[in-house]
Structure formats: C-alpha cells, structure tokens
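Here TrEMBL flags Arg341 as substrate binding site. Among the features that TrEMBL reports, compositional bias 'Polar residues' is placed at 397-409. Residues annotated as domain 'Aminotransferase class V' in TrEMBL: 38-329. Under the heading N6-(pyridoxal phosphate)lysine, TrEMBL lists Lys196. The region 'Disordered' annotation in TrEMBL covers 392-415.
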Amino acid sequence: MPGRHFLQIPGPTNVPERILRAMDRPVPDHRGPELPGLVSEVTSGLTQIFQTASGEIVLFPGSGTGGWEASIVNTLNPHDRVLAFNVGQFSHQFAECAQRLDMVVDEIDLPWGTGVPAELVHERLSADRDHSYAAVLVVHNETSTGVTSNVGAVREAMDAAGHPALLLVDAVSSLGSIDFRFDEWKVDVAVAGTQKGLMLPPGMAVVCAGTRAVARSDEVRSRRYFFDWRPVLAEMRQGYFPYTPATLMLYGLREAIRMLGEEGLAGVFARHARLADGVRRAVRAWGLQILCRSPQEYSNTVTAVVVPDGVDADAVRRVAEQRLNLSLGAGLGRLKGRVFRIGHLGALNELEVLATLAGTEMALSMAGVQVPVGAGVTACERYFIEAQVTPAGRSPGYSQQSAVSSPSKVRTRQK
Ligand code: PLP
C-alpha cells in the first residue's frame, strides 16, 4: 500500500528518522574506547528521565518482560511473599512472573478499567503485622486497559502502614511519556523497555535500581545468571557490559534522550496529556465508552475503547489494517474482542493523532459500527486549536532546551 503505515498500537511506537539515522552506523567494538562516553551519556540521561539522583541504570538486551524478571530475582528470595494487583493483562503477567520464579504471590483481582487503590494497599499492609510481604508489585500505566495508577499514593499508603516491603514498579508504557518520579515515590526498582516512550525499536530492558534494591541483590539467594544485575552494574559503572550489548541501540537511545531533552520532560508530558485528551474527546464524540472508569486515572499514552455489544473489536482492527494501513492495539486477555486500543505515545504530534482518529472512525463505520463520521476528528481538532493558542500547547520541536529537564523543574500533575 502506498503512503506510510500508521502504527498506532501502544508500543512499539514509531521510530523517528533522527533515531534511525543515529543507529545506521558501523558496529563498534563493544570493548573499545567509544563505549564509556556513550554509556555515561545514556545512563545520566536515563536517570534524569526516571527523575532519580540515587537510582542506578541497568540495561539488558531483551524487553520489558526481562526487566520484570531482573527486578524480582535481584531483590527477592524464593518463597518470599509478594502483594500484586490484577488490574489488567500486564499487571497479571507481572504477578505471574513472580509466581513462576517461586514467589508466593497474593494477586488481588480488581475490575479491569481501574487502577491500584492506595486504600487497599494500606489495608493489606497494615494487616500484615509480621511484615511477611517482601514486595509490592505495581504497573504504573496498565497498557491493556489505559489506566494510570497513582504510584505516589501507593508509596504514601505503604509509608502510612509503616511497612518495609520493596516497591517494584512497571513503568514500561509510562517512562518518557507520563510523569514518573523514582526518587519522590521511593520506588525500589522501576522497569521499562525501549520501544514505547523512548521511541526506539524493541530490544532492550531498561531497569532503574534504587540503593535498597542494589544492596538487597547481594543478600538474596534467587538463582540468576543473565538477569543478575550485579556484574552489569559493576561493568556499566566503567562504561562497559559483561555481555555483548546492543551497541547500535545504545546510539539510538542516546539520540532519543537528546530529543527528549530538547523538548524538555515537562513539555513531553504536556504533549502526551494534550494528545490523549484529544483522543478521549473523539471517543466521546463517537458515543463510545472509554474503558478507564475514573478521569483521574486516564492514561496519557493509550486509550482502550469499548465497542458496542455484538461488535467484535478485532473486526474493526482488521478493517483498519487491511483497508487503511492503520494498526490499532488489540484487546488483551479477557478484553479480547471487547476493546481496541489507540496508542498515543512516543514520537507523535497533533496531525498524526487526527489521521489516526480519521482512520479509526472510518474503520468503525466500515465494520458496521454506527458512529457519526467526522465527529471524532472535529471534536479533537477543535480541542487542539484551543490548546495550541497557549505556549504550553506547542508542538515538539519548538523548544530549544538543551538538556533533559532536571527533576526539580518537572512538576506536572500526577494522574
Ligand atoms: N508491562 C507493560 C505495561 C507493557 O505494556 C508491556 C508490553 O507491552 C510489558 C510489560 C511487557 O513488555 P515486553 O513486551 O517489552 O516484554
């Protein structure tokens, strides 16, 4: 099909030309002199994106799932008790990962479309008087439902309960798109991948380990080899790796960090908030339901749209793919066929969102779903025109900031 493919799934996201060009180079010697400078720029940029002064970056070839595994085997002993909340497919799989690695997981089933309730965290941890829970697992942005949990409130609940459990957070579809505050929320380990807000192809797990978690990795007995972060930390501090790193991805990552720095983290978060708001206005104009129940928990990176009863969401996706060259995200797990997901994260601007919405309303209509054609695009367009009038509503590329905003400068509202 001529023209470009619209990849509007919630990750992998579109890789900007600038990043592709940065990776289009001869493979360097990964034990040669080029590496330390590259690794140092990447790790210092990532710590700014995680908003941490104390956390250390660990990179593994792999994906977010590998990051989960690393977060667990480096901080927990087999048979440790773990508290987890099933609010979607990824939070369920994070819990499943811990279970398969021999943890005893209390997985609390909650309605999909809601976030992790801080009150429940408080209740469970307060009741755990002998502090048997070793960790709490939370997915910051549940990509399967389009819900962002309030990690800051979870941390406050843990502190209010006086519980020492570690806080392991999946930031796979939030990092670099939605405000994520590693230090302020006293996160012990955060896990991300390269293929979402960091705008790279899939291929690396990006882990941030806090001081408590790093210390714990020397004490725990969980079996690990590839995902043992101790040799990785030791080598990365010198600018190298104990394994063969994805060197070309590192050049891409450096470029991505520079791009995020030019826009400024606050600008990146504001852009994602604006684009997401435009998408939600379109969904409402179609008369369809957003799966996320509470506006406080709306995700700024992905919107799960509920299709009317009797409609197969996958049929809508198939039409979009085959007739319009537009990829939308599938409903996962128990949401299969019930929702489709619009990804609005990474390198994305207003016109791309409008084209996505145009394609989505066309596909809905072609698949026989009665929506007022043009209503979604119009609602979104009107909103973007209003938002564009204020400087905060400017598109990326206008800002001339040279470095990733320091954490103290980044103070957008936590959803
Ligand atoms: N966690 C979340 C929130 C995700 O969205 C995903 C994948 O989309 C994962 C974990 C799994 O990551 P990966 O597919 O990179 O292994």
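Cβ atoms are placed via backbone N, Cα and C, with glycine included.
All annotation found in TrEMBL is predicted automatically rather than curated by experts.
In this structure, the C-alpha atom of the residue listed as 'N6-(pyridoxal phosphate)lysine' lies 14 angstrom from that of Arg341 (substrate binding site). For the residue listed as 'substrate binding site', the same-chain residues lying six or more positions away in sequence with a CB closer than 8 A to its CB are Ile9, Pro10, Thr143, Ser144, Gly146, Val302, Thr303, Ala304, Val305, Leu328, Gly329, Ala330, Gly331.
Predicted-model confidence for the domain 'Aminotransferase class V' (38-329) is 98, expressed as mean pLDDT.
Residue environment of the residue listed as 'N6-(pyridoxal phosphate)lysine' contains 28 other Cβ atoms, counted within 10 Å of its Cβ in all protein chains. DSSP assigns the residue listed as 'substrate binding site' to a strand segment in the three-state reduction.
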